[in-house]
Structure formats: structure tokens, C-alpha cells
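Working notes, beginning with the structure itself.
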């Protein structure tokens, strides 16, 4: 009998167990595609970022003009830049859908996989933030100033911490240089953590829409799900191409076409759309330290979800009350995203505060209590 090299070669064997002969539940739906989409997004971002880094200059006197140079003088530089900028938006769309899938179907009960995923989200947000500073436009500069300034809210060490991150007494050349270094380095850390994320996932196997053990009904990943993922790739690339070629500035801020000027503050300082929900939570608390802690907790609250799972069932597919609350959470997050982009005035302040309270209440009180109540109704206690 011929020896199959993919099953015997030390390196190919690992790839084989992860991508070819991986036993997968036969009933996983379209929502399970987003993990591979994120892998593709990461590869696209690293490759386009690498080519941009070849032409970019991390110096405050040249950063803005080097981005202009990339768009005007470098062969297909405009395309690489547009794909990289809009690829970040697509990355976050896929991440949020991936997290929503995990919350809906109870995938968070794979605690190690889930917690590494939350750390990955935090690193992704850090990478996107430092990357947004690099073009050195108005919103880049003021966004960096406002967000890094939040660290001064920490008692005693706050001011020292801010100056340490800035590398001086204001956002300046040292800040831009180190942010470029971080923006180059962090994606590779994300790549390494992604491998660990997959390692833990393959220890348990994938969850499925029913949230039940699927050991009795597994099929091989290739060709069934590899082709399913491939279809998803084509759809995703189509949307990315449409965005990058026809509407490259749709999700950006016009303010960033103005070179950074420390003497002129933009009328509304706001981050990219994918941070607006957390920014709205930050702004809805009058106290500075309280706002910073709420901002951090809005992400790290995801780590508490496995501990707050009170239901006897895993998935929400047979739990209509929790399903309704899940969609409340989705709607609430969309409202927070909208509020984050609005000026700080009534009625936006009040709506933001109500949405922020609702966001934390749904996670910490309402959903766990409803799950417990559903157990009682279904006599599952």
C-alpha cells in the first residue's frame, strides 16, 4: 500500500489534522465560516501592510506625504492602501459576526478557546488603533492624543504612564515611531495566538447549532467545509473589492485628509466605526476613571460570559426568551455604535447612558436570570 505523505510527514501531518482530515460536525451552518474568513483577512492585512511599510516613512514631517506618495507614485499603491484600510473594516465585521455566533450557539463554553479569542480581539483593537495614527492626519493625531490621555485617569501613575507612552510631553515623533513599530509587530503576535486559538479548538472539536455532542455524526473538513469556506472567500473578496474600488473612503473620516495640526482641534473627535460602541460607553460615564474602566470592561465582559451561563442547554436555538435578549444585545450594540459617532449633546447623552446600562445589564443580570428562569419553565432543574 502506498504511503500517504500528508499523514506521515512531520509538518504536513499537523496541517492534515487541522485542515484536511479534521472531523467536523455535519450540521455546522454558514456562521461557522467566519473563523476561516478571519484567517484570510489576517493574511490580506499582513501582506498589504508589508508592501505599505516598504514605502511608508514613520516621521511626523514625512508620514502624511509618504502616504500621498504611495497613492500617487507607487505602482498600484492606491489599491494596496485602499485594500488595507477597508480590509480592517471587513476584519472587524467578521470578528463581530464570529463573536455573535459564539454567543448565540454557546461556543463560549470552550473556555480556553473563548478567552484566547477575547485576547485576540483586544490585540486586534490595539493594532487597529496604532495603525490609524500612522497616516498622521488630523483624526490620527487627535485620536491618538485623546485615547492615550485616558491613561492619565489611573491614580498616581497616570501622568507618568501617558508620558512614557508618548515618549515626551505630547504626541510627537517618538509616538509615531513606536506606534509604527507596534503596528508592524502586533499582527504577528495575533498570528501566533490564532494558532493557539485553533490548537485549543481542535482539542475539543467544533460546536454545532444544536449545542449537543456531535461525535456520532462527523464528516471530514476537506472537501465538504474547505469548499464551503472557499465560496465564503469569494463572497468576502467581492465585497472587499467593491468597497476598495468603488467606495474606498465610505468608512473613513474626511478629517484625516488634513495633515495633523496640534493647534487646530477637529469639531468632533471620533475613532473608526468599529470602536464607536466602546467609545459611546466611555463617553456615557461622567467620571474619567469610571469611563476608562467601563471601556475596558465592555470588551473583557466577554470573559465572564462562560461563568454566567446558567442554562442547562448550550445553544439558544431552543430558548426563545434568550434568543430575544440576544437580538436586544445586537440592537443595543448598533445603537451604541450610532451614539458614538454623534456629538456630546442631548438627546444623545441620555440615549448613550441608557444603552450603556442596557449593555452591561444584559450580560451580567438579564440573560443569566432569563436562562435560569427557562430551566424552571422547562423543568430542567
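Using N, Cα and C of the backbone, Cβ positions are placed for all residues, glycine too.
Listed features, source Swiss-Prot:
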- 84, 183: heme b b562 binding site (BINDING)
- 98, 197: heme b b566 binding site (BINDING)
- 202: ubiquinone binding site (BINDING)
- 34-54: transmembrane segment (TRANSMEM)
- 78-99: transmembrane segment (TRANSMEM)
- 114-134: transmembrane segment (TRANSMEM)
- 179-199: transmembrane segment (TRANSMEM)
- 227-247: transmembrane segment (TRANSMEM)
- 289-309: transmembrane segment (TRANSMEM)
- 321-341: transmembrane segment (TRANSMEM)
- 348-368: transmembrane segment (TRANSMEM)
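Within the chain, the transmembrane segment (289-309) has long-range Cβ neighbours (under 8 A, six or more residues past its boundaries) at 99, 103, 106, 108-109, 111, 114-115, 118, 121-122, 125, 150-151, 153-155, 277-279, 281-283, 356, 359-360, 363-364, 367-368, 371.
When Cβ-Cβ distances under 8 Å to the transmembrane segment (34-54) are tallied for each of 78-99, 114-134, 179-199, 227-247, 348-368, the top count falls to 78-99. Recorded stretches compared: 78-99, 114-134, 227-247, 348-368; the one with the most Cβ pairs under 8 Å to the transmembrane segment (321-341) is 348-368. Of all Cβ atoms in the shown protein chains, 21 besides its own fall within 10 Å of the Cβ of residue 84 (heme b b562 binding site).
Counting C-beta pairs under 8 angstroms (sequence separation of 6 or more), the transmembrane segment (227-247) reaches the transmembrane segment (78-99) with 3 or more such pairs. Taking residue pairs at least 6 apart in sequence, the transmembrane segment (114-134) and the transmembrane segment (179-199) share three or more C-beta contacts under 8 angstroms. Following the DSSP three-state reduction, the secondary structure of residue 202 (ubiquinone binding site) is helix. Residue 183 (heme b b562 binding site) sits 29 Å from residue 202 (ubiquinone binding site), taking the Cα positions as reference. Recorded residues the residue listed as 'ubiquinone binding site' and residue 84 (heme b b562 binding site) have their alpha carbons 30 Å apart, per Cα-Cα distance.
Calculated from their C-alpha atoms, the gap between residue 84 (heme b b562 binding site) and residue 98 (heme b b566 binding site) amounts to 21 Å.
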